[in-house]
């Protein structure tokens with residue numbers, strides 16, 4: 001490999017890290033503060049749940065499509081640039097509309113572009129880590145740092161100028177994502193031409209579907225917490241800036257876990273860590289169900305990094321192991337569609353209804369049970385999943 005190519009790929013890795021920082025900072029604005037904005041304009045919990053379910057619904061359609069196109073044309077870089085341009089456009093429209101129906105349309109449009117802006121970058125990070133024999137966590141942690149930075153700063157910013165300015169904050173981070181997307185480096189894949197038929201006739205798709213079904217039992221609880229944590233903090237008497245503090249605490253522990261993943265991740269198989277993460281989630285949700293103050297929620301947020309980082313790294317690494325090289329982006333996007341799309345939609349709709357009927361504490365009790373079921377289910381199916389991995393190696 002020439003010195004010029006080595007320098008280009010090295011710079012590409014750093015560009016990817018900075019891109020992840022900016023893209024995840026932008027996502028923080030939506031995930032942490034959009035429900036609070038909708039509450040501010042007078043919408044009910046059920047309406048907020050429906051609106052926040054529309055975003056994951058858009059992801060269900062957009063993420064597999066963006067992944068398929070990335071594999072077909074062998075470029076994640078160009079797809080990311082297109083997605084960010086669309087995100088800037090939709091964020092701008094939010095400043096000129098009002099009303100439930102208008103918000104419904106714009107949330108759908110925004111998530112069509114926002115979901116691939118981070119998911120495709122995670123796929124590129126996983127492939128880059130494998131190609132250069134470096135830790136996936138060492139790249140992905142920059143997304144967590146961006147999430148934490150925005151959680152802390154955007155909360156203070158919105159406390160000062162008002163919650164309605166969250167779309168200006170989103171546009172700011174999206175602009176910097178667009179700039180750095182131009183410096184990313186695609187990884188060419190030699191192999192079969194990717195078609196829709198090749199995706200759906202692949203024998204591995206059945207095992208992947210089983211795996212995604214199992215992880216959905218815990219991922220839907222994670223996404224419900226993403227959507228309703230801010231409302232829980234406010235319900236217990238916390239301020240909007242405290243929402244940012246809670247996310248910052250969680251993301252700091254997440255970044256630490258990702259940074260050290262090259263140490264702990266090598267000790268056991270990814271499925272072992274995945275099972276452990278499910279039960280940590282169950283403990284975390286049970287603690288939150290019994291919280292009586294926003295300060296207690298801040299303390300419990302320390303478990304976010306341990307549970308999410310362990311779960312996310314383990315799951316995406318296992319998907320990478322069982323998916324052929326020429327379908328990597330498609331496989332990753334199907335996993336991310338399950339985590340952030342399907343689970344987000346179910347978690348939002350079911351969570352909003354559950355809160356209206358039984359209250360916030362009861363929601364977290366149900367989430368603890370679901371996470372425990374996920375851990376037990378993956379343990380039972382471990383043999384079948386390992387057999388598939390062996391067949392692909």
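Each residue, glycine too, has its Cβ placed from N, Cα and C.
What TrEMBL records for 1-189 (among others) is domain 'Major facilitator superfamily (MFS) profile'.
Residues annotated as transmembrane segment in TrEMBL: 12-36 (among others). Same-chain residues lying 6 or more positions outside the transmembrane segment (12-36) and placing a CB less than 8 Å from one of its CB atoms are 48, 51-52, 55, 80, 84, 87, 107, 110, 114, 117-118, 121-122, 124-125, 128, 132, 134, 139-140, 142-147, 149-151, 154-155, 158, 163, 166-167, 169-170, 173-174, 176-177, 180-181, 183-185, 226-231, 234, 240, 243-244, 247.
What TrEMBL lists as transmembrane segment is 48-68 (among others). Beyond the transmembrane segment (48-68), the same-chain residues lying 6 or more positions past its ends with a Cβ under 8 Å from any Cβ of the stretch are 30, 34-35, 38-39, 79, 83, 100, 103-104, 107-116, 119-120, 123, 194, 196, 199, 223, 227, 231, 329-334, 336-337, 340-349, 351-353, 355.
Listed by sequence, the residues of this chain that lie at least six past the ends of the transmembrane segment (80-97) yet keep a Cβ under 8 A from its Cβ atoms are 19, 23, 26, 66, 103, 106, 109-110, 112-114, 116-117, 120-121, 167-168, 170-171, 174-175, 177-178, 181-182, 184. What TrEMBL records for 80-97 (among others) is transmembrane segment.
If you look up TrEMBL, you'll see 103-121 (among others) marked as transmembrane segment.
The transmembrane segment feature in TrEMBL is assigned to 141-158 (among others).
Residues annotated as transmembrane segment in TrEMBL: 164-187 (among others). Cβ atoms under 8 Å from those of the transmembrane segment (164-187) belong to residues 8-9, 11-13, 15-16, 18-19, 22-23, 25-26, 29-30, 33-34, 37, 40, 74-77, 80-81, 84-85, 87-88, 91-92, 94-95, 117, 124, 127-128, 131, 146, 150, 154, 157-158 of the same chain, restricted to positions at least 6 beyond its ends.
For 195-393 (among others), the entry in TrEMBL reads domain 'Major facilitator superfamily (MFS) profile'.
Per TrEMBL, the feature transmembrane segment maps to 199-222 (among others).
Annotation comment: TrEMBL describes 242-264 (among others) as transmembrane segment.
The transmembrane segment feature in TrEMBL is assigned to 271-291 (among others).
Using a Cβ-Cβ cut-off under 8 Å and counting only residues 6 or more beyond its ends in the same chain, the transmembrane segment (297-320) has close neighbours at 122, 126-127, 130, 136-137, 140, 144, 208, 211, 215, 218, 222, 229, 232-233, 236, 238, 242, 245-247, 249-258, 261, 265, 270-271, 273-274, 276-278, 280-281, 283-284, 287-288, 291, 328, 331-332, 335, 339, 385, 389. Annotation source TrEMBL lists transmembrane segment at 297-320 (among others).
Under 8 Å from some Cβ of the transmembrane segment (332-355) lie the Cβ atoms of residues 45-46, 48-50, 52-53, 55-60, 63-64, 66-68, 70, 115-116, 119-120, 122-123, 126, 208, 212, 215-216, 219-224, 226-228, 231, 312, 315-316, 319-320, 323, 362-363, 366, all in the same chain and six or more residues away from its ends. The transmembrane segment annotation in TrEMBL covers 332-355 (among others).
Residues or ranges marked as transmembrane segment in TrEMBL: 361-381 (among others). Within the chain carrying the transmembrane segment (361-381), a Cβ under 8 angstroms from the stretch's Cβ atoms is held by residues 210-211, 214-218, 220-221, 224-225, 228, 271, 274-276, 278-279, 281-286, 288-291, 351, 354-355, all 6 or more beyond its ends.
Averaged over the domain 'Major facilitator superfamily (MFS) profile' (195-393), the predicted model has a pLDDT of 85.
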